[in-house]
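This report refers to the structure that appears directly beneath it.
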Amino acid sequence: MKTIDELLAEGVAGKRVFVRADLNVPLDGTTITDDGRIRAVLPTVAKLAEAGARVVVASHLGRPKGAPDPAFSLAPAAARLGELLGADVAFATDTVGESARATVAGLADGQVAVIENLRFNPGETSKDDAERGAFADRLAELADVYVGDGFGAVHRKHASVFDLPARLPHYAGYLIATEVGVLKKLTTDVQRPYAVVLGGAKVSDKLGVIDHLLERADRILIGGGMAYTFLKAQGHEVGSSLLQEDQIPAVQEYLRRAEEKGVEFVLPVDVVVAPAFPDLKTKAPAHPTTVAADAMPAGQMGLDNGPETNKLYASKLADAATVFWNGPMGVFEHPDFADGTRAVAQALVDSPAFSVVGGGDSAAAVRILGFDENAFGHISTGGGASLEYLEGKTLPGLAALED
Ligand SMILES: Nc1ncnc2c1ncn2[C@@H]1O[C@H](COP(=O)(O)OP(=O)(O)O)[C@@H](O)[C@H]1O
Ligand SMILES: O=C(OP(=O)(O)O)[C@H](O)COP(=O)(O)O
């Protein structure tokens, strides 16, 4: 894999450099609630601009349906990138249309532009190679060189991640180099006990990693939206909680194999429930109650780990030597459901373990809840990406950067 330093040594002045970043930041309307992913790509963007490149930054944000949708515009991220760089950042209101072409053509050496959300074009995420390729062809017209630095999206076989680098000279940016360097350690000389904490909302994406973790981890702690499929698999009522019904047989098999292999599976013993998903805009009181995990009332939704679970999880992390954590333990964006996530973060701060926190929302949660980033071993910008890396899977966005 060629790195950005090699590109800089070759010289980039006057070249149009396409930087595939992951600027998928959490938004409250148009306000960025955590800019960690923008700060993470700054070294790459700043270095290229300093060296006189015409930098075209591209990313997805959220999961729009292949068409423009103002709620998913990258405009706030472009503005924040400009503030952090201390320079004007141009913004193209489309991806490969007139605005993008004119914006890129208007760049002077050392200037930076951001193009609109790549997922506004159906070609970005298409499963059809030809449709993705056609979009990648259009993107390739905007640049002379490709730098991959969107670590959070390298597990996606998407046009800008996988097909575009095949069409341009390609290099890995600083963020990808750092992320891979740290995660590699967890695949080789992991110190034991090795505990993995899994939560969050992308349950169907992430349940499969447990298959691999059963061969690798000593303890697996489950929380967040992931917990309810496990509780249901044990025969408990889960009300209207997030549930991956089709995965129940797989989850039952995980629990059986864990017992056979002596891997400790830790599930919530109590949960915080409410009648409905809370309003994250108004943060209006959500009327939470705490119930035993095996006695959830029908019609209520599990939204956080309860206090007994928080104590239990802290005790399971206290003597771990290595911890990998992906996925908040609850809907931490609402104050009624932030305690479970706060408790796990605090346990990692208190534990001498080498801790890696991965995922857009997990990393944001740690910072939004006021923890010092330096108290953790590594905060990764990718949740799904880091899990798939740890699984040993070939990640399309890394494979595409190989020579
Ligand atoms: N019990 C739950 N029910 C619904 N959503 C949940 C629950 N617990 C956590 N979440 C949500 O999970 C989201 C983050 O999930 P995910 O994207 O998988 O994590 P990451 O971005 O760290 O990889 C947060 O927005 C949080 O509100
Ligand atoms: O937020 C992301 O992943 P993560 O939630 O696993 O950290 C990435 O930006 C990838 O987004 P996607 O899961 O919509 O492809």
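The first residue you see is number 1, and the count goes up from there.
Cβ coordinates are placed from backbone N, Cα and C, and glycine is handled just like the others.
Record features, source TrEMBL:
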BINDING   D22, L23, N24, R37, H60, L61, G62, R63, R119, R156  substrate binding site
BINDING   K206, G302, E333, G359, G360, D361, S362  ATP binding site
Taking the centre of the Cβ atoms of D22, L23, N24, R37, H60, L61, G62, R63, R119, R156 as the substrate site, the remaining residues of that chain with Cβ inside 8 Å are S59, N117, L118, G152, A153
Among the binding-site residues N24, H60, G62, G359, the ones with a Cβ under 6 Å from any atom of ligand 1 are G359
Close to ligand 2, in the sense of Cβ under 6 Å, among G62, K206, G302, E333, S362 as binding-site residues, are none
DSSP output for G302 (ATP binding site) maps to strand
Under a three-state DSSP reduction, the secondary structure at G360 (ATP binding site) is helix
Comparing local Cβ density (other Cβ atoms within 10 Å) for the binding-site residues E333, D361 points to D361
Between the C-alpha atoms of E333 (ATP binding site) and D22 (substrate binding site), the distance in angstrom, to the nearest integer, is 21
Widest Cα pair spacing in Å over the listed ATP contacts K206, G302, E333, G359, G360, D361, S362 is 22
Note: in the chain of S362 (ATP binding site), residues six or more apart in sequence with C-beta under 8 angstroms of its C-beta are G199, G200, W325, N326, G327, P328, G383
Whole-Å Cα distance, G359 (ATP binding site) to H60 (substrate binding site), is 15
The binding-site residues listed are D22, N24, H60, G62, R119; by CA-CA distance, the one closest to G302 (ATP binding site) is G62
